[in-house]
Amino acid sequence: MGKVYVFDHPLIQHKLTFIRQKETGTKEFRELVDEVASLMAFEITRDLPLEEIEIDTPVSKAVTKTLAGKKLGIVPILRAGLGMVDGILKLIPAAKVGHVGLYRDPETLQPVEYYVKLPTDVEERDFIVVDPMLATGGSAVEAINSIKKRGAKNIKFMCLVACPEGVDAIKSAHPEVDIYIAALDEKLNEKGYIVPGLGDAGDRLYGTK
Ligand code: PRP
Ligand code: URA
């Protein structure tokens, strides 16, 4: 059974406050999302396997630890998920990046898929699907469906702001997926926006409306 982790790190919480504020402009919003994605990547990689190798320091030989070469894949859900990719790659530069393009139909709130491109060795990689928002959960559930259909087996989901409806949707469709959240908000409003949330993540990242 997958677990739900809500990160309570003070730096994540502090930066998230500015991300939420409506006065925060596009440039600062993008920078903060990038920083929070890095901090979350630091936490999410806590259990990566290590192996010992022998090296020479300037002083002596030493047996030290290095990452055991686990293959990772980051899959942003377009478009807003793109805002989190660079922050994660700063910490895990060897990860490959797949893309799943989905938009939420404004009337039905159902996800519509328009693009999928994954690394060719999809079956060998552990994936982190990323999107700033987990609202109804439709987009996340569909993105995970899409990469599973193409062979992905080990999948985590990471977002900035979630609400209980979205968490329940992932848990029921993909019970084995661990979910990593910076903040679990109260609810969805009648338009499918998270309350209090941060507004439309894609619009705030890219200055559209
Ligand atoms: C937003 C957000 C998620 C989705 C979440 O994307 O980035 O992908 O909504 O909502 P859900 O949990 O109810 O599916 P949007 O559909 O606005 O597309 P965009 O990123 O292209 O702006
Ligand atoms: N998508 C967003 O960008 N924001 C929300 O609050 C819900 C869905």
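Easy rule for this one: first residue shown is 1, then count along the chain.
Even glycines carry a Cβ here, placed using N, Cα and C.
The DSSP secondary structure for ALA135 (5-phospho-alpha-D-ribose 1-diphosphate binding site) is coil. The 5-phospho-alpha-D-ribose 1-diphosphate binding site annotation in TrEMBL covers ARG79, ARG104, ASP131, PRO132, MET133, LEU134, ALA135, THR136, GLY137, GLY138, SER139, ASP200.
Classification of ASP200 (uracil binding site) by DSSP places it in coil, neither helical nor stranded. If you look up TrEMBL, you'll see ILE194, GLY199, ASP200, ALA201 marked as uracil binding site.
The domain 'Phosphoribosyltransferase' feature in TrEMBL is assigned to 6-208. Looking only at the domain 'Phosphoribosyltransferase' (6-208), the predicted model's pLDDT averages out at 96.
Across the structure, ASP200 (uracil binding site) and ARG79 (5-phospho-alpha-D-ribose 1-diphosphate binding site) place their CA atoms 11 angstrom apart. Neighbour list (SER139 (5-phospho-alpha-D-ribose 1-diphosphate binding site), Cβ cut-off 8 Å, at least 6 residues apart, same chain): ILE77, LEU102, ARG104, PRO111, ASP131. Taking Cα separation as the measure, GLY199 (uracil binding site) is nearest to MET133 of the binding-site residues ARG79, MET133, GLY137. Listed in sequence order, the residues of the same chain lying 6 or more apart from ALA135 (5-phospho-alpha-D-ribose 1-diphosphate binding site) and placing their CB within less than 8 Å of its CB are ARG104, CYS163, GLU165, GLY166, LEU188, GLY192, TYR193, ILE194. Summary of the uracil site environment: with the site residues ILE194, GLY199, ASP200, ALA201 set aside, the chain residues having Cβ atoms within 8 Å of the Cβ mean position are PRO132, MET133, VAL161, TYR193, GLY197, LEU198, GLY202, ASP203, ARG204.
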